[in-house]
Every structure is written in C-alpha cells, then in structure tokens.
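**Student:** What follows is a single structure, and I will ask about it in a moment.
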Amino acid sequence: MWKRSKVTDQTAAGQTVDASEGVQPDDKGIKKKSKVPGVMITQFVEELPEGMSTPDFTRKPIALTIQQGKCAVFKAIVVGTPTPTVTWGRANGEIHFHPDVCMQKYDEISREHTIEFPKVAPEDADTYKCFATNEYGRAVCTVALNVIQVGFSKTKELQKTQVEDTKDVRKNLKKRKDDGTREEKQMEPEEKVWEILLSAEKKDYERICAEYGIKDFRHMLKKLTEMKKEREEEIAEFVTHISTLKHIEVNDDDCATIELDMDLKDPSSKLFLYKNGVMVPFTTEESESMKHNLKQVGKKYVFTIKNLGSEDAGLYSVDVGGINVFSTDFKVPEVDFAVKIQEVKAEERQDALFQCVLTAPTNELKWLGKSTPLSNSEKFEITVSEDKLIHKLIVRDCMPLDAGIYAAVAGIKSCNAWLVVEADKDSASKGKKPTRKTTMAGGGNDEDLMAIAKEQQEIYQKKMDEKMEVAKKAQAEREAAEAISKVEGEAAKKAAAEEKAAAKAAAKAKAAAKAKAKKAAAAEDAAAGKKRAAAGGAGASVGAGGEGAAGAGGADAVGGGGEDGTAAGAGGGAGEAKGSGGDLDGEEYDSFEDSDEEIDGEGGGKGAGDGGAGDGGVGDGEGVEGEGEKGGKRKKRVRKGPLVPDTVIGKNYTAIHAEGRQTLASKTWPLFS
C-alpha cells in the first residue's frame, strides 16, 4: 500500500514558514527564472549590487518512493552571494528535527545540503520544500516523498493501543467538575508531561522527553499532534485569539510572572490558575497579603507570584472556562550568590564591569539593565568562567543614558547595583564627544574572585558527594527492598504452588478413596445379591411330613413318599415338589408366561442336603415310580421362540418342551377369554 503526499501542486501552496528561518512567504519581489526546471526565484531588490546574486539551485532534490522503515535522503546544492541559508519545510505540518525522526546536514566538501529520515514512516509522506535565502532573494523548490507501507508493521499493530492511550491521557487532562474547575488532586507524571509538551516550544521537545523518560520520539510527536488539534478546537469555543505566551520568568524584585495575550469571546469567562493540578487562589487587585495576583491590561493577562521560595516550583496552568490554554513548568535551582554585584562608578565613554560568584555552577545568568533583559551585543558583553561560577557583565562605552540599576538573576535569587556614569568635566572637550577610554571601571581583584570561586566549588562538590552518597544509600536500600520483595514473592509463589499441589493431591486421594468405597459397596451389594439368590433358590427335594419327591406318571399325581421323607434339601426352606406328570430332574423349563412360580420337581438353588438323595416313593396314580433327586443349581431360563406358539388350532395347541421334547396333553388355554 502506498501513502502519497496529499499536496500535488508543485508550488506546495499553504506552506507556512517561520520568519526566524529567514523565509517570508508574503515577501513581494521580482520573479526570476532559474536554469534548473522547477525552481522559483524571488529577488528582493530592484538592482543587485556588483558582485552580489540571488540564491539558486545547481542541484535540486529528487522525488522518492521508498519502503517504510528505510532511510530516505533529499540532497540539494545551492549557490549565491552572499552564501544563502538553507532551510526545509513541508506542506502539511512541521518538520521535527530529532535523531530518530529527521536530521539536517551540510557537507562542506561536496557543498550538499541534505535532509535525512533514518527510518521513514507513513506519516512522513508529504511534499517537502527547500528554501535558499540571502539578503537579496530567495529560491525554492519542491519534492515529493511517497512511502510504501509494509504489511502489518509493528506500528500498525500498536496503533489501536496508542490511540486508546492518547484518549485516556486526554480524558484525564479534561476531567472537570460541573463548574468547570479541575478535580482537587495532584497531577500524575504522565498527565504533567503531556500538559508541558502542549505548551512547549519545538526546540524543547527533546529536553522534555529526556527529562521524563520518553524514548519513542516519533510516537510522542504523533500523539502530541492529535492532542494539540483537539485542544485548539476546545480553546476556539472560548478564545478568539491567543498569542504572546511567555513562560514563567523571574524578575529582579523577587517576583515571577506568566504573560499571555488573549481575546476572549465572552469577557465574563472565568479564569483559573492551577499549580500541579491544584487550584491556586489569586486576586485581581494589588494586595501584599495575597501571594498570587492577576493583572489585566486590555487583552494582556499577567499572573504574578510574589515572595518566591523553593516551594513555588511546579507546573502552572491557566484555564479559561474549564479549558487549559497555557502551561509552564517553573523550576527552582539550588543556587545563590556567594559574591553579589557591586555599585560601579564609571566615567563617560569608559567601560563598566559587574561581576558575581555563584554557589553552584550555572550555564547562564539572567542580566537586566533598568528592568530590560540584556544579551550579548556591541553594547553588552556577557561572559562566564569555565567552572560556571564567575559571571561578568561589561557595559561598553558608558554614556549618561546607560546609568541606572543593573541586576543579576540566578534561579529565584537576584542581586542588583547602580551604574553611575560621570559626565566628562574636561572644559576643553565641551561641545565635543569625549574620547573613548580604554580603562575599566568596577570589578575587583580577579585572584580574590577565583579564590572565592574555588572555595565555592569545593563546597558545592562536597554537597554533591553527600547527595550522591545519600542517593547511593537510597538506591541500595531500594535494591535490598526489591530483593527481599522478590524473595518473598518467590517464596509466596512457591508456597502457593505447593499448597495448590497438596490440595490437588488431597482431592485426588479423596476421589480415589470415594471410588474405592463405591467399588467395595458395589462388591458387597453383588455378594449380598448372590447370597439372597442362593438362599431364595435353594429348596428341599423331598417335602417333610410324608410328601415324597415328584413322581412321574399321571397328570396331577402326587408322589407319596414313605412315612418319613428322607430327602431334605439343605440351604433354604423346604420347597414342595409336586408331580407334573413329567420327569423334571433339574432341567431348564420355559413357560409361555415367563412365570416365576415354582414348578414341580424344580429346585431353586443348590439342593445338596445333609442326608444325601431322598428316596422316591410310589405315585398314588398311574404314574411310574418317581425318583427323588437332590436339589441342583437352578439354571437361567432362556425363552426360545415367541410367547405365542407357532401352531394354534382353535383354542387348543400342542406345547413342545424346549429341552425335554415331551408333548404336553392337549389343554384349552383361555388366550382371548
């Protein structure tokens, strides 16, 4: 999938460029043609001085279509007298110069100006412009960068999570009560860093990311762009125009100020001041009792913090109608003046020197002359020693107008002194400009200052060593605590695992015991069933009291045993053995009704008696002599064939014994009666 630049117009209309880059989009001048196609030249003056020329390109960048994650480089070579300054821009958004995102380079040997993207991303796809500018004109050319997106990249996979993270951060930053005020709680570090970035300048992004541990610079830029767009839409509901956002500054009168210019849609909109997310009360009138004050002059709003102390450090935020419009981080370094600046009396056209010594190294000292910030120029020279402890301000060629109060500000500490300029009293030079003097007024013995600075350096180093020892001790304690916590965690984890294993083993043993008990109970039930079957099925072969064993003979013939029946079946109660006319000596019997009634001559179980086989008696009928048999094991009855006989003639049928093959006498069966 390709991601092409959105702007196809080769002039890249809509580009906005800072005037600080030396590019002025609204400059009107003479349009000129370049020998290189696609280059536009604007001449700022009507006639060029001899030997001077407008900028031009001898080599312009070439359009690129490149795979995501690869390195993309644009190169250009420019000419012009004086030497042009080369800057880069893009049609949509801004270029953020960072080693992980984009770098601008210049090769003095090849005279190539390059812009390099170490790992190009889809959001880098755009139309880029290269500007070459000097005091006589400007040359510009455009070039397109197209990016081929590759599969499901890591960026794509994380995109959903990143969007959700952005929404969560914005949601936390916008938490408000019904009256538009914030919730009364300290800001979390993540909320704080994003609020700082929303109001920070581009040049400070890298420092802020390093300070707060943000490593993915590209992701930060993407996230920040989304948040800025949303905040601009929210601010537009309350503010028509906002500008001149000055971050907190410390003045020489022990005060700090926050300035911004706003044009409110509703002048009655409420303004709120917060420090680290907690509302700070302030007054709109001059009051010595209130620490915070708001002063409004037209569209300018100035917040003042008085009587500064280390406790005043923090993130200050200005909200309008429940919407954050500006935030600034106020840091209070631990620094003071070991030697303050002293009053200097200088003669007219003489140089004046102010110098001081700090208690801690500081890169820059803020110098003020008559409440106006000073910087290096032909009039003022600001220097700092190698150890960054001795700071000096030189006022060149003092004139009576230069007289006044000069101040030095370090952190929240300040000191000031007068500069007195004495007019030249030489009568001979009246009406003439005095001669420039080469002497220096003010200052002191440099050796004394160096000795004081050395002493302060030792004190500072000792404090740093002590802090380092404290930090190391705290780090060792944290590591020990983490080690103990880790050991305890592992022990707890091991104990939990052992407990879980023991519980699992107990449950397994319980289940096994339950299964074993169930099996034993089933075995007992089976044994009891067999016992009951054996007890119920065992019958006597010969009835006691004179009834003999089953006799074979006539139908309904009852065997008449001897006076004393001798064949008693052991193992159960006495069972009657009635002759049924057949010789049933323990064989299987099948009935049509599958009845459980006892059949004459059939034993129910084991018939082994104490007295052996019973003596059979003679039947009373015409039956043959019956033989007494001992009770045998009752066999399982198996039905063969259907319940209704195969042959039925009327209501009479012949029943065939399954095993004995004997024909039963014809009998009328009431099947349908």
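Just so you know, glycine gets a Cβ as well, placed from its N, Cα and C.
Just so you know, TrEMBL annotations never went through curation; they're auto-generated.
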**Student:** Which is it, of 166-185, 426-445, that TrEMBL names as region 'Disordered'?
**Tutor:** 426-445
**Student:** Of 50-86, 272-308, 457-493, which range does TrEMBL call coiled coil?
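**Tutor:** Feature coiled coil in TrEMBL: residues 457-493.
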**Student:** Labelled region 'Disordered' by TrEMBL, one stretch among 96-115, 116-135, 536-555. Can you tell me which?
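**Tutor:** Among 96-115, 116-135, 536-555, the range TrEMBL annotates as region 'Disordered' is 536-555.
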**Student:** For the coiled coil (457-493), give me same-chain residues lying six or more residues beyond its boundaries with a C-beta closer than 8 angstroms to one of its C-beta atoms, as numbers and ranges.
**Tutor:** 359-361, 387, 389
**Student:** Residue counts in helix (H, G, I), strand (E, B) and coil for the domain 'Ig-like' (55-146), per DSSP?
**Tutor:** 3 helix, 57 strand, 32 coil
**Student:** So what's the mean pLDDT when you look at the coiled coil (457-493)?
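**Tutor:** Averaging the confidence scores along the coiled coil (457-493) gives 86.
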